[in-house]
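Straight from TrEMBL, the features:
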type: BINDING; residues: 122, 158; note: Fe cation binding site
type: BINDING; residues: 126, 129, 166, 169; note: Zn(2+) binding site
type: COMPBIAS; residues: 1-18; note: compositional bias 'Low complexity'
type: REGION; residues: 1-24; note: region 'Disordered'
């Protein structure tokens, strides 16, 4: 299974506006760990060492991941800081409920994305190499808000995942086609 990856480059759209493909974090008053502790406390749940370790792992780097990819990075049974598979899935669900992570479906898998501490953003997904690029677009938000106002709709959130083929995969395919013609 190929891993999801993020790009840190920038691209220009047709209006010569630069669209970032890596979303920069916002300044927040609470750390993800503190925010999660508040969430657990509000539900009468304990902050365990396993949950604490998982939050540290999830927020130690900004990348998209699925539960299996996270489990692969964690210590194995018998090693220090081992976390059971059930605890991983349960904690990921709690992180979504707490507003720390977003989850969405890609190719039949649940993929997680940082929500807390990051601005509204959308994604481009390459169906060949499975690269997932983040981008922000003021124009897209403006259109969203116009459509919502037109229909008397109050926006709570939005998520857009545009599926297609990335530049690198398109180049490889064109190069391969030229070779096939020879």
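Any Cβ shown, glycine's included, is placed from N, Cα and C.
Keep in mind that TrEMBL annotations are predicted by a computer and have not been checked by a curator.
Across the structure, residue 126 (Zn(2+) binding site) and residue 158 (Fe cation binding site) are spaced 20 Å apart at their Cα atoms. Closest to residue 122 (Fe cation binding site) by Cα-Cα distance, out of the binding-site residues 129, 166, 169, is 166. Note: the Cα of residue 129 (Zn(2+) binding site) and the Cα of residue 158 (Fe cation binding site) are spaced 25 Å from each other. Cβ atoms within 8 Å of the centroid of the Cβ atoms of 126, 129, 166, 169 (the Zn(2+) site) belong to the same-chain residues 127, 128, 130, 131, 165, 167, 168, 170, site residues excluded. Around residue 129 (Zn(2+) binding site), a 10 Å sphere centred on its CB holds 16 further CB atoms from the protein chains shown. Note: the CA-CA distance between residue 158 (Fe cation binding site) and residue 166 (Zn(2+) binding site) rounds to 23 Å. In the three-state DSSP scheme, residue 169 (Zn(2+) binding site) falls into the helix class.
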